[in-house]
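Colleague: In case it helps, Swiss-Prot gives these features for our protein:
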type: ACT_SITE; residues: K34; note: active site, proton acceptor
type: ACT_SITE; residues: Y271; note: active site, proton acceptor
type: BINDING; residues: R147, M319; note: substrate binding site
type: MOD_RES; residues: K34; note: N6-(pyridoxal phosphate)lysine
Amino acid sequence: MKPAIATISRQALRHNIQLIKKLAPKQKLLAMIKANAYGQGLLPAAATLADLVDGFGVARLHEALEVQETGYTGKILLVEGFFDREELLKTLSRGFDTVIHCLEQLELLEQVAKEWQIEQQKRFWQRKTKIYFPINIWLKIDTGMHRLGIHPEQVDLFYARLKSCPLVATISFMSHFSRADELDCGYTEQQIATFEMATEQYSAHSRSIAASSGILYWPQAHYEWVRPGIIMHGISPHYQPITQLGFKPVMTLSSTLIAIRSHKAGEPVGYGGAWISDKATTLGVVAMGYGDGYPRNAPEGTPVLINGRIVPIVGRVSMDMLTVDLGIDSQDQVGDEVILWGNDLLIETVAQHIGVISYELITKLTPRVIFEYR
């Protein structure tokens, strides 16, 4: 009887990548494994996918270092770039690809390149890790997300300066959709047009704008590289499941019934007595709570799966437990498995009941949850 287990199917993960390849057959795949591979496990995900993809994308330098230190020698892109001088030097020494999204990053790169030219044979550089250069730069253009990226009219200036920098090997272009999960969205079409115009004279260079939603719904924007993220894990980037497209859920979150109780009509349940049964019933207590990362704000009626049937959460989720209404005729027993989400209870359904996105559910599981890889 094990509480709070996240079972990760490597087979499902590989299956989903093969499906993505069919959706983008001519493109290279940069698998996004940021945020602990969307909560699925950074290093297990990298090991499972290494022979199927053309590189990995991460958001933090330490993620790139962890993957490379396993012996992986392929492309690793820092999708937010380097945050300071120390990170830039480490990026150079390890040969990571990096995004440039602002003037400050460009100026720091130019400054380090100038120092290298002057001091490359002196002790200044002998005190650093050996530099492997040049590195590949991905110039990020803000086409409408308005989060990171240079303005489209700055592309020529940034390109010229990067082209003249001795620490730059190749220059690619990327952007990010803000509403790609909305089908037939004029704003997304506008972003594509902006990206096209900004990179028109650089069409010989690699380009990328399509992440998960772009892969699914905007094939005209696949360009040379696509960046699958949450869909690798069989999860939709919105509330509509993608299992009908052939994707398989990678994670099953499960736990155990640790108590079964007869409950009288009119009696409250849980902290604050927020739920009161209108009839006699049987309650089950599940070893899963917000201490495991299950949302405390999950409302009454949020579904869980026990013995092949959906039952609702009742009362407030507590730190270590939650309570479900098994029904008066329940035949369930202590020790029975409880599925919080997985193949037969999709995470999109749970997320919609709670009023969050699936991304939050999978990335907020705590270290108390046991991860098993199969």
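Just so it is clear, glycine is given a Cβ too, placed from its N, Cα and C backbone atoms.
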Colleague: Please list, in sequence order, the residues in the chain of Y271 (active site, proton acceptor) that are at least six apart in sequence and whose C-beta is under 8 Å away from its C-beta.
Modeller: G315, R316, S318
Colleague: What Cα-Cα separation, expressed in whole Å, is found between R147 (substrate binding site) and K34 (active site, proton acceptor)?
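Modeller: The separation of the Cα atoms works out to 18 Å.
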Colleague: Among all chains shown, work out which of the recorded positions K34, R147 has the most CB atoms within 10 A of its CB.
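Modeller: Sorting the candidates by Cβ neighbours within 10 Å, the top entry is K34.
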Colleague: Please report how many Å separate the Cα atom of M319 (substrate binding site) from that of K34 (active site, proton acceptor), as a whole number.
Modeller: 27
Colleague: For M319 (substrate binding site), which of the three DSSP-derived states applies: helix, strand, or coil?
Modeller: coil
Colleague: Once the chains shown are all counted, how many other Cβ atoms turn up within 10 Å of the Cβ of M319 (substrate binding site)?
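Modeller: Other Cβ atoms found within 10 Å: 10.
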